[in-house]
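Some features that TrEMBL has for this protein:
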TRANSMEM  21-43  transmembrane segment
DOMAIN    456-925  domain 'GPI ethanolamine phosphate transferase 1 C-terminal'
TRANSMEM  465-488  transmembrane segment
TRANSMEM  509-529  transmembrane segment
TRANSMEM  535-552  transmembrane segment
TRANSMEM  572-593  transmembrane segment
TRANSMEM  626-646  transmembrane segment
TRANSMEM  652-671  transmembrane segment
TRANSMEM  692-712  transmembrane segment
TRANSMEM  724-743  transmembrane segment
TRANSMEM  748-768  transmembrane segment
TRANSMEM  774-795  transmembrane segment
TRANSMEM  932-956  transmembrane segment
Amino acid sequence: MAGRPRPQPHSPSSSTRRRERWLVVLGVALHAVYMLSIFDIYFKSPIVHGMDPVPPRLSAAPAKRLVLLVADGLRADKFFEPDERGRYRAPFLRGVIEEKGRWGVSHARPPTESRPGHVSLIAGFYEDPSAVTKGWKANPVEFDSVFNQSRHTISYGSPDIVPIFCSRVPHSTWDTYPHEYEDFATDASFLDHWSFDQFQGLLNRSFHDVKLRQLLLQDKLVIFLHLLGCDTNGHAHRPYSSIYLNNVKVVDQIAESMYNLMENYFKDNQTAYVFTADHGMSDKGSHGDGHPSNTDTPLVVWGAGIRSPKFLAYTEKPDDGFRFVDDHKHDAPTPQDWALEGFERVDVNQADISPLMATLVGLPCPVNSVGSLPTQYLKLSKADEVEAVLANTKQILNQFLRKSQLKQSSSLYFKPFKPLANYSSVLSQIEDLISERDYETAMKHSEELRKMALAGLHYFQTYDWFMLMTTITLGYIGWMVNLILHVLQSYTSFPAILLKKAQLYPKNTSMKVYIGGCFFMCLSSIILLLEKSPVLYHAYVFMTIFLWTRIVHNFEFLKAVWREFSNMPFKYALNLLISSAIAVLVLEFLVMSFFDRKIYTWCFLVLGILGSTYVAFFIEASPALAIYIWLACWFLSVFTLMPAEIPENNNLVILSGALIILIAVASRWANSNCTSFWLYLTRANKRDSQSSKLYFAQVILVAISSIMVWLSTSHRSQNRELHSLHQLINWSVAGAAMVLPLFSPPSVLSRLTSIFLGFAPPFLLLSIGYEAVFYSAFSMVLIGWIFVESANLYCSEESGSARRRSLVDGSVFAYEERHLQLSDLRIPLLFVILFNVAFFGTGNFASIASFEISSVYRFITVFSPFLMAGLLIFKLFIPFMLVICTFSAITKIVRIPRLGCYFLVILLSDVMTIHFFFLVRNTGSWMEIGNSISHFGIVSAQVVFVLLLFALTNIYTRDIVVSSRQLTARKVM
């Protein structure tokens, strides 16, 4: 693809076409297989089975029973801060903090949702990443919990939470309210009362039921009340509403009632109480991400086995580098309005609460727990405290040893976690220190061993990452090198140059290369089979070896190309380096744009200046064209500053209809121009007498669609339904409009204007706001791209032509594609930019939920998920189809092979694919995790997506006729 002074004609052979079909099939298979790799890398379950529980060797359990109260969706600040009158919303629990127990903030790890939060609290580990494949609902893998270890568990609450932990626990008594109770239109605090009332009723029944009373009087009893009111009221009314804030008072009253009920029933002071929340609530009434309003939840612990309040003056401590799972600092200052600075605050990670609860009732920590026991809450002797921490350490160490054992049993070359190579001697040393009653040193060693065991768990969770990521990355690089080789061999002048210089490589080595590739495949397959690797591991390795085998097969050609490049003048090498650097820089900006749409604003502000400057000074075209390019780019730059959630504004939709007609009139005027570069776009054929009628018919359809936007919306807003006549007209206008471009004149500007008018009615009828104006701005930029390419070609042909030849109306000659040049890289690069603008110009294509369902209400209002989703997706595809049509027209104008440009587009997209491969997340909110997967999926799927759009738009662009200073060409694809 190196620059050559004189472009040569190019016509692909049948063998090239056959090779390209196989290359496309290979690309589809590769991207499909490699897309699955993220689930083997990022979303592999951390849970292992086969470990034995480790009961703490305590002299006596601190408590006989445990009460866990979880106020779902309760924010820490709303719980601790006073109301507008200066009164605290939770007077009972505040009294507990000041007089009876300990307190702190529990830090939740995103996704801050109900299921992950309760798994963390009760089972002690953070949500299984593989649950993303099941929507975070079902248990992808069974796990241990405090409820499993208990002698009996009693639980009441939500049908979405309680069954997760109790449905398969035989020693449990539980019940849930119906889903219908979760009504967002009411005050949901009654749900909290329901849970308490059920437990109170159970205690009342025990006075007449001997077996039930015996069950309640046994030790290791766990009682769990799930209080959903704050979560439901937060979603429905926001966390600053009076209903939500009153619900904080309700959960405090239930905590007080529960305490009084338990103490009056048992009368033995052997009950421990834990009050906390699974997650908070944002000001918008949502949760899921890592904002402090979602991750910070209150923790109040009191009762048997809990230390009394510790009074101390707050002193600012230096940052010790420790971070909680939500990335908050260790010793964060307590807000002054909480008025709790004098009471020691002990913050914990949410998973730390599980070993705390287990230790309180003398239970082993759940075997899958990764929580660290917060000893500052426990009132234990020094010996018992060390034994509790040691049991917690052994439980985490057992997970590490089990993972190490499983990996070693299936690895030919096992790499152990070296820091824990002598773990047994460390355990022996801790036991000796306990025997010598050196509890302080034993505690220090236990905590260090626990920390190293947690690091070891992470080591084995990511054990295969290096191999898999290296294989996938090498595979993508091999695929891109194969694309470059194909483009060089099939679409550039290199093969002809090398043939003249007799530098073509011999073909008798190809068999040896492929035999070598098969040998490596067989060897890798044997190794993977011996290591009991999943089937997909074989597919990843086979694909990578196959791609690099093809590269080795073309090694002589690569050497010849390198020699040719080496012999070129320095300016060609410099141009290659600069072009490659600019392309990579642009692609990195596009990667950033997936996270911040505003980057496109800066992109088009710069493009407007650069484009107009280039046209004015280098092409020396009409000043009007330079001004048009500048205005079109700056007009489009506005839209990525607007919110992704499109506000409804029908006046903008109607105004856009008028703007579309105005643009079509201007294009019609340009179509009648017969000077300079306009000839490429307008004079390929004689004027069709029917073209004017077709043009006016399309303009009328755009006008009708604008009127129907107003009529349909007005009638629906008044009568709450879509008029059947309006529905019929809308469907008919949209359908007819998309057929008419097929009958338009085949000259470039006429056909593209007709396509622009043809897709305008369905887009307007599917629009609710500013996205309708985006359609016009986007089309103006696309037309400007064609103008610039035509002007550039006109000037290059004018300067390179020794003689002047006039265009003859109706002259049509054989279409000849020229070879690709380095400068042609601008066309696929601009295509990738505009294609991504179509993705994110008016929303977040990565999440279809970001598009408003009311867009389809002018076509259908009766719920039909497939038809509604189809209409919505069709609306999103319309800008892509405009880009593809423009791209096809430009490849004909400059006479370069469209399929060659397609391979360059895939090459550029895969540079982004590799970047997104490393940006996939398995932590964070559901949206953050889902978006990272969809970003990777979107760019991976472009090999198929773009090809399908090429096929769809080919019915509009296949007979486009292009003029030249030397010839008029027609190509039927």
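Positions of Cβ are set from backbone N, Cα and C atoms, glycine also.
Automatic prediction, not curation, is the source of TrEMBL annotations.
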Q: Express the predicted model's confidence over the domain 'GPI ethanolamine phosphate transferase 1 C-terminal' (456-925) as a mean pLDDT, rounded to an integer.
A: 82
**Q.** Top Cβ-contact partner of the transmembrane segment (692-712) among 465-488, 535-552, 626-646, 724-743, 774-795 (pairs under 8 Å)
**A.** 724-743
(Q) Under 8 Å for C-beta pairs, could you tell me which stretch among 465-488, 535-552, 626-646, 652-671 has the largest tally with the transmembrane segment (774-795)? (A) 626-646
Q. Under an 8 Å Cβ to Cβ limit, what residues of the same chain, 6 or more beyond the ends of the transmembrane segment (535-552), are close to it?
A. 29-30, 33-34, 36-37, 40, 468, 471-472, 474-475, 478-479, 481-482, 485, 513-514, 516-517, 520-521, 524-525, 528, 558
Q: Using a Cβ cut-off of under 8 Å, list the residues of the same chain at least 6 residues beyond the transmembrane segment (465-488) that approach it.
A: 1, 19-20, 23, 26-27, 30, 34, 37, 40-41, 494-495, 537, 540-541, 543-544, 547-548, 550-551, 554, 557-558, 561, 820, 900, 903-904, 906-907, 910-911, 913-914, 917-918
